[in-house]
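Notes follow the structure.
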Amino acid sequence: MFIEERILTLFKRNWQHTLTYWSVFFSFGLCIAFLGPTILDLQCQTQSTLQQITWVFFSQQFCLLIGSSIGGVFKKTLFSALSALFLSSLMISVIFAIIPFCYNVLILAIAMAVTGLAMGVIDTIANIQLVAIYQKDSAVFLQALHFFIGFGALVSPLIADPFLSEHCGNSTGGDESVHFHHRMTVYNIERSNISTPTPEHVEKEESIVSYAFWIMSVINLPVPIAVLVLMYLEKLIPCCPGSKTRLLDKDELSMEAQGTEAAPAPAPEPEPQQKDDEVGGHGDIFSCCKNGNLSGLPPSFFGIHILGGVVLFMTDGIVGAYAGFVYTYAVATPMSLSPKDAGYLASLFWAAITAGRLVSIPLAYRFKPVRLLMVNLAGVIVTVLLLLLLYTSSTFLFVGTCLLGLFLSSIFPCMLAYTEDILEYQGCATTVLVTSAGLGEMVLQVVVGSIIHDAGSYSFLLCGMIIGCIGFIVFFGLLLCDRLHSNYLTGTSKKTAMVEEPSTEDNNSKMTTPNHS
């Protein structure tokens with residue numbers, strides 16, 4: 001078979017949990033991509049300047065980082081983990097529904113901050129729970145998990161696009177100026193033979209983007225319902241007792257029945273608690289730092305966490321920066337694409353990420369995560385280098401956008417599987433990596449945007465090249481830490497064996513002494 005029977009059995013045993021975590025990541029994807037294409041409609045809605053509306057991006061990314069950092073607090077029991085996922089996914093639907101009524105930029109920023117917090121909690125908990133369930137076999141399932149981010153991020157702009165207005169008027173009265181979309185003004189300014197339209201020549205258009213947010217709210221509603229169903233099956237809803245046997249217990253009984261068949265029934269064992277007790281080694285970022293067991297660990301242990309986090313800081317930063325500014329780069333000189341053509345680039349980028357994560361599911365089964373990481377990081381550098389060299393080719397901009405999305409798509413799940421495997425699922429790698437990725441997306445998006453504003457559009461690709469090279473160099477440092485940590489574990493196991501061997505020989509001598517007397 002293409003996939004081992006053992007992995008299929010693991011999936012059958014945990015399919016309810018797995019599908020639920022996958023669906024929750026769909027909510028994450030919806031949230032992460034809708035703000036970009038609708039930001040100018042929201043600017044018109046809130047009657048704010050472009051500089052003011054950028055704080056909406058910052059508030060979402062900053063709270064996403066906070067949510068990622070504290071998300072591990074909720075993983076201590078299955079009840080707290082699923083409750084947090086239920087509230088987070090439900091909150092996303094609620095925020096989508098109320099965004100059309102946010103006529104003040106501060107209120108909109110607060111709403112986006114709430115979604116960012118929910119996204120951060122979802123990101124950490126879903127990754128931790130899948131790693132805890134599948135451990136050494138988690139790479140395949142993590143690839144599928146992050147496929148659903150790309151799927152949600154692909155659906156979101158497709159829903160919003162038909163409802164985006166080319167321009168909209170100031171509906172609050174007083175100021176009769178018209179807010180033009182960036183995709184209109186930049187395109188017209190770049191063409192000297194076409195005069196830039198003025199407010200007097202443009203008919204005001206009422207924004208209908210509200211319908212897009214309400215549609216996304218309805219589409220997201222099945223996700224919290226799925227989490228609630230899983231809580232019911234696990235008998236975690238006090239007012240709904242459900243069946244007498246918990247879902248996990250049923251899985252254990254079915255597995256025992258398949259494995260024993262004609263063998264005598266084993267003695268009853270205590271109820272398994274691996275999903276209700278604390279998942280070993282994982283927690284929020286603060287509890288990881290306070291762990292009392294850190295004093296006896298080698299430097300390589302900390303190096304793996306730090307270097308793995310830096311790699312994701314760089315690569316997720318590229319994802320955020322490219323998705324946020326590829327349109328700005330495309331409509332500016334020397335590319336000077338039309339607004340309609342440039343608008344396809346962000347959708348193509350997310351479509352490539354979605355397709356890449358789908359393709360990575362079978363690849364993760366056949367190849368080790370470290371090999372996939374090597375290929376993907378090298379592919380990112382080569383693609384950005386070609387984009388730099390062919391900076392006047394609009395055709396290769398589309399091709400390069402597609403390739404960049406494919407190479408970036410599976411770096412996060414591969415890095416997560418790789419570092420957790422090195423640490424034997426006893427560290428805080430999931431929490432550290434999720435936090436680092438969120439931090440990179442927040443910081444580098446702001447930094448790259450500032451550089452583009454000061455140095456011009458060409459610096460967009462130059463920043464991507466520098467960031468990609470730094471990530472690739474740091475990855476080699478991670479490989480060195482992996483080797484050092486393996487040597488440390490090998491030395492520790494040898495010392496343990498040497499300590500245990502004399503005691504075994506003493507016991508054997510004591511057992512044979514009476515035979516000689």
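Glycine is no exception: its Cβ is also placed from the backbone N, Cα and C atoms.
As annotated in TrEMBL, region 'Disordered' covers the listed stretch 255-278 rather than the other ranges in 183-206, 255-278. Most Cβ pairs under 8 Å with the transmembrane segment (342-365) belong to 140-160, among the candidate stretches 52-74, 81-99, 140-160, 306-330, 430-452. The recorded stretches the transmembrane segment (21-40) and the transmembrane segment (140-160) share 3+ CB pairs below 8 A when only pairs 6 or more apart in sequence are counted, and are therefore in contact. When Cβ distances are compared across the two stretches, the transmembrane segment (372-391) makes contact with the transmembrane segment (458-481), since 3 or more pairs at least 6 residues apart fall below 8 angstroms. By the Cβ criterion (under 8 Å, sequence separation of 6 or more), the transmembrane segment (430-452) is not in contact with the transmembrane segment (211-233), since fewer than 3 such pairs are found.
When Cβ-Cβ distances under 8 Å to the transmembrane segment (105-128) are tallied for each of 52-74, 81-99, 140-160, 306-330, 397-418, the top count falls to 52-74.
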